[in-house]
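Novice: Next up is a structure, given as structure tokens.
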Amino acid sequence: MSRNNQTQIIQHIVLLGFQIPQSFKIPFFLLLFILYSVALSSNITILILVSSSPSLHHPMFFFLSHLSLSDIILTTSIVPTMLHGILRGQLSIPIPACITQLQFLGIALTSECLILAMMSYDRYLAICYPFHYLSVMNSKLQIWLAICCWVLSFTISFLTVIFVSKLEFCGSNFISHFFCDFAPLLQLSCTDTSAVELENLVVAVPTTLLPVLFITATYICIFITILRIPSIKGRQKAFSTCSSHLSVVAIYFGTLVALYVAPSSDHSLNANKVLSLLYAVVTPLFNPMIYCLRNKEIKTALKKFLQFIFKTRGVSSCKINTMGIVAFK
């Protein structure tokens, strides 16, 4: 029921973004633009490499390509709006555009949780059941898992958007954030939001919690198997195959827990923005860096790809060092 029948229904939402001094706007914009460009190009490169390099037609890289696709959706649904808001100081967007942004954000966050869980299952099979790995994790299962991930992500996000789109928004139309997040959007509603909050609790929370529990269970089994390997070299090699994934899991879920699970009174609005910036820009940048810098197959495929690109430009060879820097000759 409406709080006040005389209150005007708002049609636009104003995102206040980052309240920073005028002299810092351009440097801050350039920094985020560079990070966004590198993150976007890195994830697109992984998609190209996995799809075009036969040496990367492997279950682990198949799921990595879907993780990169999820990162692309995540960062492109937030960062362009944020960059526009930094230059203007604040940004006014229509309610439908705000809800659309919430839709893509939900798809990206949910799919990343599920894809990380699939990747942990892949590492579990590879380490705990190496002789049956390729027969179990065949191309049919890979495609089926990926389809389930994206369909479930879209369904969960679309269900939330349906509930949110039925709300009426009135009164103040200002959100102290740089994108249309779920909680700030509900605070602008004139109507009862209990149904939306209940739906989010029943659907979204298990979508995050169950992958965390699944990843934890698989890694307990992985660590037990690794500890049973007699040689130190064998244990190190087995652990190196899952260390990259474990690093990404720790960064991603650590940020989500700090932002959405920890009580909001424990950190200020500025801290919320910093954490949101972390998973919107930094995490999509770290994911390809972590995998590319620690994986010889990707380095080799990247080298061949760059040699092919620059072959017609008189570059005879290129070398990728341990820091991921490409040197041309």
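Glycine is no exception: its Cβ is also placed from the backbone N, Cα and C atoms.
According to TrEMBL, the record shows the following:
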- 26-49: transmembrane segment (TRANSMEM)
- 42-291: domain 'G-protein coupled receptors family 1 profile' (DOMAIN)
- 102-121: transmembrane segment (TRANSMEM)
- 141-164: transmembrane segment (TRANSMEM)
- 208-227: transmembrane segment (TRANSMEM)
- 239-262: transmembrane segment (TRANSMEM)
- 274-293: transmembrane segment (TRANSMEM)
Novice: Taking a Cβ cut-off under 8 Å, which residues six or more beyond the ends of the transmembrane segment (26-49) line up next to it in the same chain?
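Specialist: Distal contacts: 18, 20, 56, 64-65, 68-69, 71-72, 75-76, 79, 82-83, 86-87, 277, 281-282, 284-285, 287-289, 291-292, 298, 301-302, 305.
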Novice: Report, as numbers and ranges, every residue of the chain located at least six residues beyond the transmembrane segment (274-293) whose Cβ falls under 8 Å of a Cβ in that stretch; write 'none' if there are none.
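Specialist: Counting only partners 6 or more residues beyond its ends, the transmembrane segment (274-293) has Cβ contacts under 8 Å with 32, 35-36, 38-40, 42-43, 45-46, 64, 67-68, 71-72, 74-75, 78-79, 82, 177-179, 181, 244, 247-248, 251-252, 255-256, 258-259, 267, 299, 302, 322-324.
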Novice: Over the domain 'G-protein coupled receptors family 1 profile' (42-291), what does the predicted model average in pLDDT?
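Specialist: Averaged over the domain 'G-protein coupled receptors family 1 profile' (42-291), the predicted model reaches a pLDDT of 85.
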